[in-house]
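Notes for the one structure printed next.
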């Protein structure tokens with residue numbers, strides 16, 4: 001059995017690989033069609049003009065589903081490992097809520113392009129990266145609280161390092177973007193897809209775009225730390241027959257006559 005076939009480890013692997021592919025494929029398409037500059041454009045700029053916009057949207061919508069599934073499995077795993085620790089359970093529920101809010105933000109990014117509905121796109125980015133960074137913090141704290149009985153110290157330090165990487169990328173992107181869009185370098189820069197290295201504002205533009213790519217891959221790297229944890233968990237779906245026909249009410253079928261239809265590992 002391969003390592004990615006153990007337990008549910010394929011979920012974070014699929015999330016990371018598919019999301020990275022959505023960025024790379026849309027970037028390659030935009031470069032080939034000369035819709036953006038080859039040197040580190042904004043990720044959103046590579047999903048602005050058709051056909052890469054269609055590819056970008058479809059692939060990120062799938063990433064949203066994979067992200068929600070991964071976060072839910074993580075939530076169930078922590079709940080099962082610490083059923084009698086109220087502090088951990090509260091943090092775990094908070095983490096799931098924040099994680100799903102971040103996934104909703106990713107769905108907004110996928111379907112509301114930057115050059116068309118800018119403010120809605122920015123809202124999606126704030127949910128994805130801002131709320132997502134808080135999700136990473138919560139999971140890092142959980143890893144600290146669950147060590148050394150349930151988590152190794154190495155996993156905690158790895159998640160803490162990725163979280164700090166994400167925070168530094170957010171800070172760098174925020175500062176450079178504020179400087180870039182302050183009005184010192186012109187108006188309507190949001191719509192600008194091509195930059196000349198000799199232009200004023202090119203340096204903060206490059207710092208901002210590099211920070212965005214760094215931020216995106218720091219998020220993906222965080223889910224790589226779930227792989228070893230997910231190798232030790234599986235989900236089981238059980239479906240019970242509540243009636244002998246599909247038009248009977250559940251109460252008309254005696255409990256002793258209920259039959260197990262499906263009980264298999266997912």
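Backbone N, Cα and C atoms are what each Cβ position is placed from, and that goes for glycine too.
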Item checked: Given ranges 12-35, 228-251, the stretch to which TrEMBL attaches the annotation transmembrane segment -> 12-35
Check: Are there at least 3 C-beta pairs under 8 angstroms linking the transmembrane segment (205-227) and the transmembrane segment (12-35), leaving out pairs fewer than 6 apart in sequence?
Finding: yes
